[in-house]
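Peer 1: Structure provided below as structure tokens; questions to follow.
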Amino acid sequence: LLESNAVFVLHGIALMLVFLLHACRQFPGCGNIVTFSQFLFIAVEGFIFEANFGRKRPAIPIRYYFIMVAMFFTVSVVNNYALNLNIAMPLHMIFRSGSLIASMALGIIILKKRYSVSKYTSIALVSVGIFTCTFMSAKQVASDSSLNEEDGFQVFLWWLLGIAALTFALLMSARMGIFQETLYKQFGKHSKEALFYNHALPLPGFLLLAPNIYHHAVLFSQSEPFQVPVIGLTLPIMWFYLLMNVITQYVCIRGVFILTTECTSLTVTLVVTLRKFVSLIFSILYFRNPFTAWHWLGTAFVFVGTLMYTEVWNSLGPFLARWRKRPKEE
């Protein structure tokens, strides 16, 4: 069950990323319409099957969901807009891998937690990795030879604003995680309910982004026609990409839910780490973003630090010992 669910999630993530990369390559600013479509689909599904058409009362008071949703919506929108501020997709993914740092820092400040030396070492590795990738990306932006000095400085300022946006989103996401943790301790774990309300309540907020969403809906409708296999339906290809992205995103969400209910948090963390690595490789190959040896070194620090934080080495020891003994027993 554990292995099949993990493969299920990773396969869904890979498909989702392929369709998203196709959309982003043709329309770089389409993040809002993609996010809105995902939210709408999951909200409708949750309204029918979780909320029972509004007849089921939430186990957690609705006021807490409004706070959680405000954080969730803010993080999603800020992460989308960061891509419009000269932030390359690989740097975006690596920077967001620093969630462990933000969670640990806020855990120490807010929850007064204390950690082992190995945990602090792993966070140091992740920090060094993110700093290395960020610094090298800054040099690439600053040394862009295709721009004159004035334009280059302006681009660099927008890049700094993008880094600030990513930092804010990272801290806000960590704060949301701590808020959820305290809620679950008080009211019990209700993951499906939280999933529904986190996607349903923010829908009115997309009215603020309506012009951008409508603009990209028009662009999507003007894309080349595409005949869907098997059913023979013809529709603009960008709407097909969007539909496939929404479906595969839903597959990922459901797979993660299965993992969180059936497996340990360690397994979920490892799957999420693998997701980031797969996403990074896809992005580098598809967008052909510049990725130097320093970037690879920074990436290695991030993922080794993440695996060290999850103590995967301790879990792999007994598994490898059993695997080595198996041939002898047979």
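Backbone N, Cα and C atoms are what each Cβ position is placed from, and that goes for glycine too.
Per TrEMBL, transmembrane segment is recorded for 36-53, 65-83, 89-111, 123-143, 155-174, 195-214, 226-244, 256-287, 293-316.
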Peer 1: So are the transmembrane segment (155-174) and the transmembrane segment (195-214) touching or not, going by 3+ C-beta pairs under 8 A with a sequence gap of 6 or more?
Peer 2: no
Peer 1: I need to check the long-range neighbours of the transmembrane segment (36-53): which residues 6 or more away from its ends have a CB within less than 8 Å of a CB in the stretch?
Peer 2: 192-193, 195-197, 199-200, 202-203, 206, 209, 213, 242, 245-246, 249-250, 253
